Structures are given as C-alpha cells and as structure tokens.
Amino acid sequence: MKDLLNFLKAQHKTEEFDAIKIGLSSPDMIRSWSFGEVKKPETINYRTFKPERDGLFCARIFGPVKDYECLCGKYKRLKHRGVICEKCGVEVTQTKVRRDRMGHIELASPVAHIWFLKSLPSRIGLLMDIPLRDIERVLYFEMYVVTEPGMTDLEKSQMLTEEEYLDRLEEWGDEFTAKMGAEAIKDLLGSMDMHAEAEQMREELETTNSETKRKKVTKRLKLVEAFIQSGNNPEWMILTVLPVLPPDLRPLVPLDGGRFATSDLNDLYRRVINRNNRLKRLLELAAPDIIVRNEKRMLQESVDALLDNGRRGRAITGSNKRPLKSLADMIKGKQGRFRQNLLGKRVDYSGRSVITVGPYLRLHQCGLPKKMALELFKPFIYSKLETRGLATTIKAAKKMVEREEAVVWDILDEVIREHPVLLNRAPTLHRLGIQAFEPVLIEGKAIQLHPLVCAAYNADFDGDQMAVHVPLTLEAQLEARTLMMSTNNILSPASGDPIIVPSQDVVLGLYYMTRDKINVKGEGMYLSGPAEAEKAYRTKQAELHARVKVRITETVVDEDGNSTTETKMVDTTIGRAMLWQIVPAGLPYSIVNQKLGKKQISNLLNEAYRKLGLKDTVIFADQIMYTGFAYAALSGVSVGIDDMVVPPAKYTEIAEAEEEVREIQEQYQSGLVTAGERYNKVIDIWASTNDRVAKAMMANLSSETVVNRDGEEEQQESFNSIYMMADSGARGSAAQIRQLAGMRGLMARPDGSIIETPITANFKEGLNVLQYFISTHGARKGLADTALKTANSGYLTRRLVDVAQDVVVTEHDCGTHEGVDMMPHIEGGDVKVALTELALGRVVAEDVLKPGTEDVLIPRNTLIDEKWCQIMEENSVDSMKVRSVVTCDSDFGCCAQCYGRDLARGHLVNQGEAVGVIAAQSIGEPGTQLTMRTFHIGGAASTAAAENSIQAKTTGTVKLHNAKFVVNKDKKLVITSRASELTIIDEFGRTKEKHKLPYGSMLSKGDNDAVTAGEVVANWEAHTMPIITEVAGRIQFVDMIDGVTVSRQTDDLTGLSSSEVTDPAARPAAGKDMRPAIKLVDEQGNDVMIPGTEMPAHYFLPGKAIVNIEDGAEVGIGDTLSRIPQKSGGNKDITGGLPRVADLFEARKPKEPAILAEHTGTVSFGKETKGKRRLVITRDSGVTYEEMIPKHRQLNVFEGERVERGDVIADGPESPHDILRLRGVHAVTQYIANEVQEVYRLQGVKINDKHIETIVRQMLRKCTITHAGDSEFLPGEQVEYSQVKIANRNLEAEGKEPARFERELLGITKASLATESFISAASFQETTRVLTEAAVSGKRDDLRGLKENVIVGRLIPAGTGFAYHQDRQAKRAEAQEGPSAEQATDNLAALLNAGFSSDE
C-alpha cells in the first residue's frame, strides 16, 4: 500500500531544470492549461456545500472534493482511480489536483492586459508609438481609431472622435474601417510587421541628429527587438481568454452560522463572469451599440481589477469598504508570495524559549530543557522505541512518550548524543546569528547559553528568547557540525578578529587577578613555578597581587612545528603565575605578564588562534572563562556611592568658568562680540572646563598613595571598584564616570544644538529640577532615535544583501594583473590604519620591490599573512598593489585570489563561499550602532579652531607632492598650486604624516629638507584666500574704476586704504562687462610673462576681493596682490552615521557637488551670462571645452592655470559618478571605501575593506555602450558589464571590432532591480514593473544567484550546494556526450570536501 502511494506521488515529478523563462501566453496556451471553461459565476450550493456545475468551484473542471470519490458518490475508493463518472463527469483522483488544475473563461470581447497598458512605460503605447492617453480613450470607448484607411486620406492608427467618425462615414462610406475598444488595438498590433519596424528605426537612428529623438527611437527599437527575439506576439498583450486560478488557491470555507469566508479573487472572478455572460447575451440579442459598448467597457474594468486592482481608477471594494486583493497584490510586498512564502518559511521541529546563562557549559554545548528536547526529537524517539522492540507500533510509541515512561528518557539521551541543534536569535543580522551546539539535557524550562557566544548573538539575559531548530538529515547534521558549530566560528567574518571574547565579569575577574599591589603579604618571594605560586596563595602565605619572582618554562614553536623549551626567572605576581597554568604551550609568558584588560585578552586569544590553531584556542577560551568567573566572585568588586570621589578642584574650576562667561556676556553687551561668537565662546569654555574636571577626577580615582617596604610613600593604581571596571573594559567608560563624579556637562536639544547652560552637578550630588529637565531632552531623543535606527539599518542590510547575493567565489584564479593600490591611511599627523593591517589577507597583484632596490621582496600572487606583514614592517614597505574583487575578471561571481583570505577561517577563501552575502551582513550588522543624526556644527563640535599651520609631529624628511611654488624675498617657499600635499617620511621612507597644503601657504622647509618633531613647517591665513604673483614688477590696475568696479574704504584708526572689488551683480550698468585685474609690467611698461609660458602675468580679481596695494607699486615674487575673504568653512551640516552610509551606497549625487575638470589643459574664462561664468579649458591639442558654472561657486583656479583631468575646480562634496567618469574605477572604489570606513571608524567598528569593495563591484556591474563596433548592442544602451566582456572576447577572437563602453555606477537599489535575474529583482521591489518588463522581453533566468534558487526551492549554488551544482552540470555534459561507465558517486563526503576545507 505504502509503495503504491509513493508510486502515485512520483507520477508528477518534474524533470530537473536549469533556467526559468517568462513570456506572454498565447490564447491557445491558456486553453491548453485549462481543464474546462467556467461558464457560471456560482460557487457552491449553500445547502449541500457541493460545488455548482460549470461554476467557479466546479468539480468536473477542477477535480473531486474528496480523495478518490466522485461528486455524486457513484465511484469511491482507489480501485476506480482515473475513471470519469458518467453521471457527474468528475474524474476519480486525489483532491490535491484542485490546487493545480486551471480553468478558463472565453471572453466575449478582447480585453487589454492592464500591466502592459499602465505599467510605465506603457508597453502597448511604446510599441504602437501612440500616447497612453489616446490608447486609453480607445480602450474605454471614448474614441475611434483607424485600423484600415483604405483609399481615404486617413492614416493608419489615427484617432477620431465620435463626430469626426460620423462625418468621415458620410464622406467615404465603408472605404475605411475604424473601431474602438480592445479589438481595435488588437487589430493594429496584429498588423504590425516587427522586422520592417526594426529596419525602419535603424535607418532613423543613423539619419537623425536630435538627441531626444534618438533616445525615444532606441527605447522603441529595444522593445521591438525583444519581441522579435523572444518570439512573443504583440497581440498577446490583449487577452481573449482569461485563465482561472485553481480553486484551492482561492478557497471558500464555510464558517459556523451559515456564513462563508472567501478569497477576494472569487468576488473579482464573479464580476468578470457576470459581465462576460451579460455581454454574450447582449451580442446575441444584437442590442444597441451604446449598451454593448458600455458592457464591454465594464468587462475591461472588471478584468483590470482582477489582474491589478487599483492600478486604474478607483479600486473595487468589498463589503467592508476595503479594496479587494487582486492577483498582483498576491505576489508583491512584504506579505506577498515572494517575501512571505518563498524567501522565508516557518519550519517544523523548532521551538523557542527564554535564555539564561550556562557558565559551566563547554563552548560547543547548550542547555536544552528536557520538555523541549522530548518534543523536538519525537520522530527519532519513536523510531528508536520501535527498532528496540519496546513499542510495537508508532501509536504505542506515541502513548509511551505521552506517559513519559522512564525508558523514554534513556532513549532521549541516546538520540540526542552528538546530534547538534541550531540556536538562532532574532534579529539575525549576520551569519553568527545562527550557530550549532550539542544539546545537554537540563531541568527547567529555559535554554542555557554559553556566555562567550553572547557577543556573536548580541544576546543578554534580560528576557531574550531564542529559537531551537533540529537538523534532520545526516547531511544537515554534518554541515551543522563542520560549518556551524560555535567552536568553528571563533573569528568575526567582518574583520577577522576573534568574536569569542570574554566580556564583563570574566574581564573583571582576569583584570583583578593580574593586577599588582605594592607591599602586601608575600612580596619578594622566590617561587619554583606556577604550582608553588598557587600553593602559596591557597595557604595564605602570599596575596594574589603580591610581586614575586617565579621560574617559568616557555615553549617556542617555530615555523616547521618543532618546539623548544626555555626556562627563566620572571618578575611577576602570584595571580599571573596562576593564570599561566591554563595558557596553552606555544605562547610567550610576556603575553600574560601584564594587567589584562579586554583588549589584551582579545589579543591573547587572537595570538592563540594564529599560532596554535582552533582546538587549543577553544579549550583555552573555556578555561579563561571559568577562571574569570571564579576570580570575579573572589574579588568582591561592587559599586558603592563612596566609590565615586568628587575632586575638590571641581568647585574652583566651575567658579572660574562662570567668571569667564560673565566677562564674555559683558563684552557682548558692550558690542565687542556678536551673538554667535558669544555662544560659541561660552560653549568652548564649558567644554574645556568639563574636560579639566574630568581629568582631575580620573587622576583622583586612578591612583592612591601607599607605603612601600622601605617605608617610603609611593603612588600605585587604585583598586577603586568603579575605576577597575572602566579600566579593564568590563563595564562603563571614562565618560560615564565623569557623569557620576565629575560634572554632567553640556546637553543637546533634540535638534542637535547645544544648550549653553551646562549641568554642573553630577549624579552623586544629584540634579536640581531645571538640570533634570534639561537632561531628559537628550535622553528622550536618544530613545526615539534608536527605534528609527533599527528600521533604517534593517532596510539598508536588505538592499545590500539583495545587490550582492549572487557574488560567490566561482574559480580559483581569474588571471588578472589588475588590482588596487594600497597605502596606509594617514590623517594629519597620525597613521590611522597601517599598511600591514590593510594588506593582511590580500593577494599581491604585482611584485613588491624592496624599497630603494630592484629586488623582489614579495612575489606576485602571494597571500599576505602575519609572517609577510612582519617582513613588510622590517623592510618598511609603504605602498603595494593588491588584487581586489572590484578588478576581478571572473564573468560570474569572483575568484579566490582576488578575494584573498576568508576572514572567519584565516586561510584563502574556498570556492563556493557566498562572499557577497557575507559582505552585506558585515556592513549591515553594525548599522544599528551608527548614529542617525546630521551633526550641526556649533558649540562643542566646532571647538577646533580653523587650521592655519602645519606642525610636524614626527622627525623625518619633508616631501612635496604635485606642488608648484615660488621663492619670495624672505627665502620662504610660497605654494601656487591647488591640490598640493606635504608628507613627512621617516628614515625608512615610510610616510608618517600627510597634510593638505592650501594655495598661498608659506613653507619654512623645502622638498627633501630634514625636520624635527614640533617644528612648524608651513603656515597660511585661515580666513582669506590670497592671489600671489609669480613674477616681480610694477603693478598696473586694469578696469579698476572707483565707484564702478571697486569701492575704496579707509580705516579710521590706521588711515590705511583698501579697495574692494564689487560683485558683478551689484555693479552699475557701465561696469557689467568690465573685468578688474592687476597686471605686472617692467620698467618700460611692457607686460611681464609668467616664467616658462607665453602668457602675460594678468591676475583677474573675482568679486569681494580686497586689494591693499596702490597702482604703480613695486612687488616681488611671491607677494600677495589681493585677498579674497572665504566664507568661514564648514557651517554646513555634516551628514553622519547611517544616512551617510546609505547615501554612499545609493551613489546619490550631493546637492552642490564639487566641479571637476573634464579634461587636462589650461583654464581661461569666457563671456559671462547673467548667473553663470563660462569656464574654458584649452587642451594641449588646442581643442577647447566649455562649461557654465554658477557665479556663487567659489573657484579654485585662476585664469591661465593648468589643470589635470579630474582636478577639483570648485569645492564641494564630490559626486561618485564624476569620480568614476574622470578618474576611473580605482578612484571611485577608494572614495566609497574611505568614506564608509570614516563613518564606521568613528563608532569604533572594524570592517575589512574587501566587503565594501564587493558591494562596489556590484554597483559597477552595468556599463553604457559608447560605440557598438561589430557587436549586437545599440549605442547608449545599458548592458551588464560581464555580457560586454564576453561579447568583446568573442568578437576579438573572430578579428572583428569590439564594442566600446563606459562603466556606470548604480546605487544599490537600482543595481538590485537591474540584475540579470528577474526572479531576484521581482522579489526585491517594484514587482509589477519587473515582471512586466521580463515577460515582454521573454527573459530567461539562469538561476545563478542565491535568491532565485531559494525561491524555486533548489540547493543554493554556494557552500555545499556549489559542489552539488558543479557535479550536476558535469553529469549532464556527460549524459549529452553519452553515459560513461562509472557514474560519479554522489557522495556527501566528497561534496563536503570539495566545498570546504575546515581546520578540523
């Protein structure tokens, strides 16, 4: 019987498939799906509950209501399988066919499909080249359209109103035909010759010169081509037959009380059938035209509502006033088919419960309540009971389990042994949100979680819940164990740092254990080893913190794995010596011979992992945790109010600050400072006071005076509980202690501006009512922010995953020589991120040479690991080219060499690793930690005064980069170029500092001069931009007429006069076209030339420039001719945090972007218009390029200056699109990576650059064809980059001309929608638009990405699935050639080995 059922089930097995194609269905196709026509709108008989014949639930069409039983009951049981009952016409089969048998409705008049009509751009409108409004008028019976002009002067597809039509009828009679409604459109579409249209448009493209026309024609041509290639017939966009959904997918269920609950679709179908039947009857009766027309219009509207309710006109509403859910609504949105049922499903064998701590567990274990385990492992228990012969049937086994007999618990123990379970905590923001553990049965009802995995789950025990899932098959258990076990996930995939790091209590315990104290019992003892140290401590002969000498044995393991031991006496403490007992062999003692804070412990685990491998590290981590908990308990650290010591200096500091504020207030009242300055100064005073109080408080807390053995007083670190917690990194920070014992300081209003009266009290002293009220402001804003942040961050992650989901490592090496240049991140005087940290885990793209020589230090294609990093440090390498995902040459996905090290595993990435999803998770997961707000500059944020000099922080050599300068009479260098940089390098040639040099800076050091730390290297004026002469001579003013182009002012106090150039807009008419300038002449009055050029030294003065020198004065080289006051920089809001990251990945253009030079050449200015300046760049070839620039933009270039392509002409935030166009892929990658990192670094979040590069690769996956060559592409068409690459490769192989193209940068939302796979795009956003487009162009989805495969229910082509898919393709290739003798054994171990090389 069982076999028979299985056989029946197997009958409808579909063959394996490799791609899914979507297209338009022809009427015949719809009829071929159908099992009969639905003729009546009836559903079921309300008395008998039987479906009506020919109705929407008809059993004859859709199949029986009960398994193997016809409707009238004549045939029952399996033996009549396949019989069709002659009485009621129902086939005897399973009920479930009612889920897949469709019906159809023959429409009495054709109806346009609303998706192809209204989904923009309207496909029908575009194809026929008629505006949508006109087509709608025809469809909804307001106008006639000419379908056959005959011998008349009418044109085909010309619109006629009712009157015009009647006039023409009188004139021509039946010479011509004009119709209205969908039949007219159908006729027109049917009479179109696609090939002829395409030919005609191609000719049009070649002859036309207008850009708009070309764009329009290209669009239409693409659509026509799509129809030709896909074999879709345009007529099929008009429906003549309507398919009917299987009834079980639109159920009708009787509720008690004689009412029915029904799917909205049934209502919509009933409307269509009613109107269709009425129309048929009207046509039979030959009713008047106007009635028929009205009925046809209503039919069109009802079909529209069925397909996509609310797309046109008002949505049809049901009885309860809400719009009915149409077919389109069923699939789109969060509750639609895609996101609700296909991408995320609920699963059996899962449970959830509250979590509590399991401090005694091992890292790979979790505590599972017995009750839960019994329920989850039921099937396993049943089968065990049966095989043991303890229960005869499954039913008996069930009874035994329900009675909870003693034997059941023994069997549960056996079943659970080494059967991992998955624990998941929502929200699962990265892959460590689901990990596998071995269950340990416990009493109680809460799941116990190992404390060290809390960081990965971001879990705490304040009532969090977690879900448990049971992997059922052997394969699933194997994967859970080898890939998902918590012991295999020690490193974070985002940064490669350990994520199993002790926190809180454990840190505090270890910190307390490794601190030292002066002059306590046992100080100065000599001990023979850690064991004796422990003995001394246990017998109370020495205290835990006593400074002692201990004999220590270290093990050193060299690269070949040979170990040598070394014994020495070490100055240490009892606690550290005891801790040494649990440290595995192979680590140096120095690593624990220090006070261990959170950072040091993390480093300790990292070292252990890199040197000793996974197994030892895991055991060590557990030991650390047990030890930490034990000593945290022994330490007795607690928080008491007396631990918060308020520094006595606080009160004097506050008094002084109040005095200063009073002075400023007086200055303001007497008009010496403006309101804004007063506000900023007051805030500065309070900010610095707060810092000083905090310093005094920390100094007070952090040290105490004790008497040492010699009776002298000595300072030692304090054992104050609060200080210890903050210092160890267990809990709290200096900023929080400052609020407890210093002063709370300045508070912000919800809009981000700072309230100028600070809270001078702290929590120990207590706040008064006003202070309390002020502080609630910020706190409430914080909570509101958090809620918004979570949603925003989640949406960002979703977009990132969607754009990157199909990046999988597909091959070992793509063979490219490309790469990106790596340099250390240097800001001002600090190396923010060292080169070794950036290059770690990357593969070298070009041989790295030993600095200053031609010797190869690191050969090409080397994976940089910790050993190489050390070599780089020793040889002071300061730049290198590494391979990157962005430049990877693989056609699909990327290759292992370009990706480099798998951060979570520490070796070269495996093929099949889903690096795209990991990148998206790594960027999205910390999203909730980023801030939401735009920072307003004001108050504390602008405490840094405007920079006006560079002071060297390191000793070394000065280097100038792309700097032009002149030497003035004081022998100082004056910079006359824009994007100059000054760097200071150390004796090894490593860059230590990097500074921007503004135009007009005075340098006291030249190129290659030595400099010592603390010297001022350059200075400039902060608030003005000078104009500097590059030649000496006499001044002559040009066009500088007082009262017209300049206004003179004389200072009353000094008697000095200066002229200010008036803004062109504010000049009288006479001065509009004048261009005030200063020119330099020699003694004879001839123009002086700028050295090295043929250009006279003319300096044009922009509006607002101030000139302090007189006409005819003598000037020397490097003197300042005029000053342009700069708007004090940076009162713009800086977008920070999450919105900034989103802007970068969406590649949004900034409001006023920087203007970059489009070409290399010499700058001059042409004729100005009302609001714009004309910038002209003359290239070396003499070709000029012009660009209009708004007058209010501050330009960085002067007449006659030379610029390089991509140089900044006007300041502002740079647009990534411009960077890509002018400076290329590398520059844009670097820009996005640096800007994103900036935001994350501010929050102290570490993310590896390769994740950001992976996303950038996906943003760059489209390109625009500029020249088609011999390819199939159209110029101006946007094509997938990989497609162009493949096409060009084939063209080059045939010796034809390849297509030329420009890379495009798309934002992540756009890039997700522009993906090759329509299934993936449709499940992301704008489902209707995506599906319409895909259907018209007959798209084929090759199921390459992960998402498409999840949706169609196959193994994903990543991880173990990658090997499976490769295997399948190989087998199919074989099968096509002819079956080979030995069929490859599809064995799981082979798959696992092929897909993964785990460390274990």
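Any Cβ shown, glycine's included, is placed from N, Cα and C.
Among Cys814, Cys869, only Cys814 appears in Swiss-Prot as part of the Zn(2+) 2 site alongside Cys888, Cys895, Cys898. Of the given residue ranges 1129-1162, 1197-1230, 1265-1298, 1367-1400, Swiss-Prot assigns the label region 'Disordered' to 1367-1400.
When the alpha carbons of Cys888 (Zn(2+) 2 binding site) and Cys88 (Zn(2+) 1 binding site) are compared, the span between them is 66 angstrom. Cys895 (Zn(2+) 2 binding site) sits 39 Å from Asp460 (Mg(2+) binding site), counting Cα to Cα. Counting every protein chain shown, 17 other Cβ atoms lie within 10 Å of the Cβ of Cys88 (Zn(2+) 1 binding site).
The candidate set comprises the binding-site residues Asp460, Asp462, Asp464. Of these, Asp464 has the most other Cβ atoms within 10 Å. Of the listed binding-site residues, namely Cys70, Cys72, Cys85, Cys898, the sparsest Cβ surroundings within 10 Å are found at Cys72.
Of the candidate binding-site residues, Asp460, Asp462, Asp464, Cys814, Cys898, the one lying closest to Cys70 (Zn(2+) 1 binding site) when CA atoms are compared is Asp464. Close to the recorded Mg(2+) site, the chain also has Ile355, Ala459, Phe461, Gly463: residues not among Asp460, Asp462, Asp464 whose Cβ is within 8 Å of the site's Cβ mean position. The most densely surrounded of the binding-site residues Cys814, Cys888, judged by C-beta neighbours within 10 angstroms, is Cys888. DSSP assigns Cys895 (Zn(2+) 2 binding site) to a strand segment in the three-state reduction.
All protein chains included, Cys895 (Zn(2+) 2 binding site) registers 22 other Cβ atoms within 10 Å of its own Cβ. Mapped onto three states, the DSSP output places Cys85 (Zn(2+) 1 binding site) in coil.
Ranking the binding-site residues Cys85, Cys88, Cys898 by Cα distance from Asp464 (Mg(2+) binding site) puts Cys898 first.
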